[in-house]
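Asker: The structure follows.
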Amino acid sequence: METNIEKKSLWSAVWAMTLSAFVLIASEFMPVSLLTLMAQELEISNGYVGQTISISGLFAFFTSIFLTSFIGNINRKKVLQFFTLLMAISGLFVTFAPNIYILLVGRALLGIAIGGFWSMSASTIIRLVKKDDVPKALNILNGGNALATMIAAPLGSYLGGIIGWRGAFFIIVPIALITFFWQSRSLPSLEVKKKDKKSSVFDLFFLLKKKIVIFGMISVTFCFMGQFALFSYIRPYLEDVIKVDYQELSILLFVMGIFGFLGVFLIGKLLKKRLYSLLIFSPFMMMFVSICFVFVEHNFINIFVLISIWGFIGTPLAAVWWTWLSKTLLEDEIEIGGGLMVAVIQLSITFGAFFGGVLFDSFGYELTFLFSTLIFFFTSIFSFMTRNIYKNGI
């Protein structure tokens, strides 16, 4: 278990972590808003470009699984700064990639940074603030996630139309460097207590002996797999099916982000009193929206409404599941549990983007979105089962 460094809450450090979260999320999902531009220049299919999301998710998965084994007792501040620099290097690889293969290398480096940062995020936040301030600090961190969702997609789409997709990706680099220097100034030394036994990957799987953790992680898997099977291909859907231009596309993505940002900050009270209700009914509503994308009349107004609902419900899902994790595990299990959570989420994103891409290229958007609908249905079922395990104290 890590040592407490100070009783005073270090809010500047929390905001530095939040900026890290913002840049990571913006980097990870930037291809969603630039997918067709990248596909056209690299002369590959939309589904193939969608695999740039899959590859980052795959490397994030392996990083989160093996992180505690590799970093041992290394000062966590140095580890966090390493991942921030890696994020900047990734941006350079993507910006100047001459072909899809170099692009995938850059995205793989980003995946390592994502897996490392998010695995350590909850345990680091707990060390930076007083116990009573932990929920507020975690909400600020997830606010960075929501803000990236709100800004990155429409801004990426807009910049892609002006300076190209490479220019849009390059903007990530200086922001990552600013984040690095802010971390240098604001983060305290985050040394860890030496352990008698070296951390092992098996410590992570030890948590799966708890039935509630098993069913919860199955729910997480379905939740994010369903979300990104659809979300990864929302741009070609909007452009090819709804026939929006890039300005209308930017508006729709911005609206989705705004409602997502609102969703994150409006669920605070529900997280305390209705956590499992959110876990059960949120994916049910996402299932409804997924069906509507296929069957409603394809006009701008209808899609505007559906995009708004998707953002409002879908964006806070990460905050909901991280809150569930913090309430389910003991304090000394949080860092290991964070690694497990990141591994599950990133693997789910990988599978969602991969299968969504295969279906999108082979059968079109209809089957892709209906696949997402089915996955959301399973999410609600397993979330309901997780709630029953919690109530029965199993």
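Every residue gets a Cβ built from N, Cα and C, even glycine.
Features from TrEMBL:
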type     : residues : note
DOMAIN   : 13-391   : domain 'Major facilitator superfamily (MFS) profile'
TRANSMEM : 12-36    : transmembrane segment
TRANSMEM : 48-70    : transmembrane segment
TRANSMEM : 82-102   : transmembrane segment
TRANSMEM : 108-126  : transmembrane segment
TRANSMEM : 138-156  : transmembrane segment
TRANSMEM : 162-182  : transmembrane segment
TRANSMEM : 212-234  : transmembrane segment
TRANSMEM : 249-268  : transmembrane segment
TRANSMEM : 275-296  : transmembrane segment
TRANSMEM : 302-324  : transmembrane segment
TRANSMEM : 336-355  : transmembrane segment
TRANSMEM : 367-385  : transmembrane segment
Asker: Using a Cβ cut-off under 8 Å, which residues of the same chain at least 6 positions beyond either end of the transmembrane segment (162-182) come close to it?
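Answerer: Beyond its ends, the transmembrane segment (162-182) has Cβ neighbours at 12, 16, 19-20, 23, 26-27, 30, 34, 37-38, 41, 81, 84-85, 87-88, 91-92, 94-96, 155-156.
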Asker: Within this structure, do the transmembrane segment (302-324) and the transmembrane segment (82-102) have 3 or more Cβ pairs under 8 angstroms, counting pairs 6 or more apart in sequence?
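Answerer: The transmembrane segment (302-324) and the transmembrane segment (82-102): touching, no.
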Asker: May I ask for the residues of the chain that lie six or more residues beyond the transmembrane segment (302-324) and have a Cβ under 8 Å from a Cβ within it?
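Answerer: Apart from its flanks, the transmembrane segment (302-324) reaches 122, 138-139, 142, 145-146, 149, 216, 220, 223-224, 227, 231, 238, 242, 252-253, 255-264, 267, 271, 275, 278-279, 282-283, 285-286, 289, 292-293, 296, 341, 345.
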Asker: Summarise the model's confidence over the domain 'Major facilitator superfamily (MFS) profile' (13-391) as a mean pLDDT value.
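Answerer: Mean pLDDT for the domain 'Major facilitator superfamily (MFS) profile' (13-391): 85.
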Asker: Under 8 angstroms, Cβ to Cβ: which one of 12-36, 108-126, 249-268, 275-296, 336-355 has the largest number of such pairs with the transmembrane segment (138-156)?
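Answerer: Top-ranked stretch among 12-36, 108-126, 249-268, 275-296, 336-355: 12-36.
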